[in-house]
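S.K.: Mind having a look at this structure? Questions to follow.
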Amino acid sequence: MSASIADNVAEAQLQAEVLTKALPHMQRYDDAIVVVKYGGHAMGNDELARHFAQDIVLLEQSGVNPVVVHGGGPQIGAMLEKLGIKSEFAAGLRITDKATIEIVEMVLAGSINKQIVGFINEAGGKAIGLCGKDGNMVRARKATRTIVDPQSHIEEVVDLGFVGEPDTVDTMVLDQILGRELIPVLAPVASAVDGGTYNVNADTFAGAIAGALGAKRLLLLTDVPGVLDKNKQLIPRLTIDECRALIADGTVSGGMIPKVETCIYALEKGVEGVVIMDGKLPHSVLLELLTDHGIGTLITR
């Protein structure tokens, strides 16, 4: 046998071994619903976007029912800047007036959503782009936040404008799609309970969708490895009580707090497990779901 043939055989054997090791994980997720919140740096990199799309298609063709929820903060910011509209934030959320919500809806439900649909279809899948307004899937109520004035130390209620939080989720549309070789891709734009449109934080939106569907897993793709301890080391597993303790002692702080709170919310709504993970790693979704140890922080009840 020549060296080149031997190398080809060895490579084929390695690929077969990888598939064999992935088999029990595929069986575990067979016919299960997995909600993936897609955002962060990975969305702005075409190569990582293609890897993500391949992961989602492979999951669907392996018997999993994936649901993709995407963000788009940087893209919204870029469009607002292009139009000469200044972005303002409070408590980590974009203040959204009437002019801004129209642009947010256009960017999220139009441009970004269709780009992701295109990548998935290019990878061999059959993706359908939707938003929370379709079929009244997600109805939202007005979100409010309180901030503490640094000088007076008095709490103030901030009006975020057309920013909402999920109030009800109707899964009828998704129930008709899942299990039919179709992959729903959802933009976090929702109908207001009192009429109109609300922009919803993508993590919060994904948590509400996962809870309503009774998902086996909710994956939150971020720009960090997961939840880190005080030495900046990854914590591989946490419970709800441990998460609350880490928030209370300041280990979990800043932008990680709302992500962990979303995890707790989803778990209390019935999701089996939630993972905060690094979406910048190529094929991060497969590495998390189809390997023995995963790559992020798994949070369970």
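Numbers here mean position along the shown chain, with the first residue as 1.
Using N, Cα and C of the backbone, Cβ positions are placed for all residues, glycine too.
What you are looking at is a predicted structure, and each value in this text was computed from that prediction instead of being measured.
So Swiss-Prot says this about it:
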- LYS37: site 'Transition state stabilizer' (SITE)
- GLY72, GLY73, ARG94, ASN199: substrate binding site (BINDING)
- LYS259: site 'Transition state stabilizer' (SITE)
S.K.: For the recorded substrate site formed by GLY72, GLY73, ARG94, ASN199, name the remaining residues of the chain with Cβ within 8 Å of the site's Cβ center, in chain order.
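M.R.: The answer, listed by sequence position, is GLY71, ILE76, GLY77, THR96, VAL104, LEU108, ASN201, ALA202.
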S.K.: Just the number: how many Å between the Cα atoms of GLY73 (substrate binding site) and LYS37 (site 'Transition state stabilizer')?
M.R.: 13
S.K.: How big is the Cα-to-Cα gap, in Å, between LYS259 (site 'Transition state stabilizer') and GLY72 (substrate binding site)?
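M.R.: Cα-Cα, rounded: 16 Å.
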S.K.: In whole Å, note down how far the CA of GLY72 (substrate binding site) lies from the CA of LYS37 (site 'Transition state stabilizer').
M.R.: 11
S.K.: Around ASN199 (substrate binding site), which residues of its chain at least 6 apart sit with Cβ under 8 Å of its Cβ?
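M.R.: Once residues fewer than 6 apart are set aside, ASN199 (substrate binding site) is near ARG94, THR96, ILE101, VAL104, GLU105, LEU108, PHE162, VAL163, GLY164, PRO188, VAL189.
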S.K.: Measure the Cβ-based neighbour count of GLY73 (substrate binding site), defined as the other Cβ atoms within 10 Å of its Cβ.
M.R.: 19
S.K.: Where among the recorded positions LYS37, ARG94, LYS259 do you find the Cβ with the fewest other Cβ atoms within 10 Å?
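M.R.: Least crowded of the recorded positions LYS37, ARG94, LYS259, by Cβ count within 10 Å, is ARG94.
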S.K.: If you draw a 10 Å sphere around the Cβ of GLY72 (substrate binding site), how many other Cβ atoms fall inside it, taking every protein chain shown into account?
M.R.: 25
